[in-house]
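Okay, so here's the structure we're looking at.
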Amino acid sequence: MQLLKDKFGRVHDYIRISVTDRCNLRCVYCMPEEGLTFLPHEKVLSKDEIVSFMELMVKFGIKKVRITGGEPLLRTDIVEIVRGLGAIPEIEDISITTNAMYLAKKAEALKDAGLTRVNISLDSLHADRFKAITRGGRLQKVLDGIQKAEEVGLFPIKLNVVLIKGQNDDEITDFLRFTKDKDINIRFIEYMPIGHAGTSWKEKYLPLDTIFEACNEAGYEYEPVDSIRGNGPSENFRIKGAKGTFGVIHPVSAHFCDSCNRLRLTADGYIKACLYWDEEMNIRPFIQDPVKLMQLVQKAIDNKPENHEMALKLQDEVQSNKPTWRRMSQIGG
C-alpha cells in the first residue's frame with residue numbers, strides 16, 4: 001500500500017471531514033454573532049461525494065475519520081453519511097464532534113449506523129454562562145446528550161473545553177471534579193487565533209499550565225495515563241481515584257506538528273493538510289478521477305509545512321507562511 005507521507009516523514013492515516021459550515025450556536029471563539037454567509041446547499045459535499053472520496057482514501061492508508069462542522073448533526077442525512085462510511089471495511093474508527101444539542105435524539109441511530117465515539121463541546125457547567133458563551137445553547141440538552149451517548153455505548157466520550165480567560169477559567173476545578181464519578185475524558189484546549197484578525201484573541205488566551213495550578217490549589221493529586229483511544233495530541237492525566245481523565249491540548253504554546261497525522265476536508269470540498277495555513281485544494285472536480293484526485297491530495301501533503309508557527313502570534317513575530325483567515329466553522333472544528 002502506498003501511504004500518504006510528507007517530506008518530513010509524517011504518515012497521514014486520519015482525516016477530519018466537515019459536512020456543513022452551518023451551526024445552531026454562535027460560540028464566541030468560533031463564529032461571529034451575526035453577518036455570516038453560509039454555503040449554498042449545492043456547494044456542500046453530498047453523502048455520495050464523501051463516501052466516494054473515502055473509498056479511495058482508504059487505499060492509501062486513511063483508517064480514521066472524524067466528522068465535524070459547523071454542527072454535523074444539522075445534516076438531515078448525517079446517519080446515512082455515517083452508515084456509508086461504516087460500510088467501508090478499512091475504516092477502523094468513525095467519530096464525530098458535536099455541540100450535542102441534538103445528540104440525545106440521534107445517538108442511538110448514529111451508533112447503529114457505525115459511529116464509534118463522540119467528542120462534545122462543553123465550555124461551562126453553569127447554564128447561564130454556557131448560554132452566553134454559545135450565544136443560545138442549553139446546557140441541559142448537552143448533559144442529556146452525554147447521558148444518551150453513555151447509554152448507547154459511544155465510548156470514549158470526550159468533552160472539549162476551550163479555556164477562555166475571564167469567562168470559564170474559574171470552572172477548571174468543577175470540570176476536574178466531573179471526572180471523579182464519570183468515565184469521561186475532559187480535554188482543555190487553548191484558545192486559538194483561527195480566523196481572528198488582530199491581537200484581540202490574546203485577551204482571552206490562557207496557557208494550560210493553569211490547569212495544573214488549579215489541580216495543585218485544589219489538592220488534587222494526578223498522574224499521567226496511557227493513550228486514550230483516538231486521543232490525538234492530548235496529554236492525558238487522571239486525578240487519583242477518579243473514574244475519568246483529563247487532558248490538555250496546546251496548539252499555540254507547544255505545537256504537536258512533528259507527530260501530525262491528519263488531513264482536513266472542508267464542507268465545500270477543499271483538502272487542507274494544515275489547519276493553520278491558507279493553502280487548500282479543491283477535490284470536487286476530480287471525485288470521479290482517482291488518479292488526478294490522489295495526485296492532488298499528495299500535492300497538498302507535499303506542501304505541508306514542518307510546523308504552523310502559531311506560537312509566534314503570542315510574541316507578535318513574523319510568520320513564514322500565511323495563516324488561515326477562514327473561521328473554524330468554515331474549516332471544520
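Note: Cβ is positioned from N, Cα and C throughout, glycine not excepted.
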Of the candidates ARG10, ARG16, the one that Swiss-Prot places in the GTP site of ARG66, THR97, LYS158, ARG262, LEU263, ARG264: ARG16
Euclidean distance between Cα atoms of SER121 (S-adenosyl-L-methionine binding site) and ARG66 (GTP binding site), Å: 14
Of CYS23, CYS27, GLY70, CYS274, i.e. the binding-site residues, those within 10 Å of LEU263 (GTP binding site) when Cα atoms are compared: CYS274
Candidates GLY70, SER121, LYS158, ARG262, namely the binding-site residues, that fall within 10 Å of CYS274 ([4Fe-4S] cluster 2 binding site) by Cα distance: ARG262
Count of other CB atoms lying within 10 Å of the CB belonging to ARG16 (GTP binding site): 21
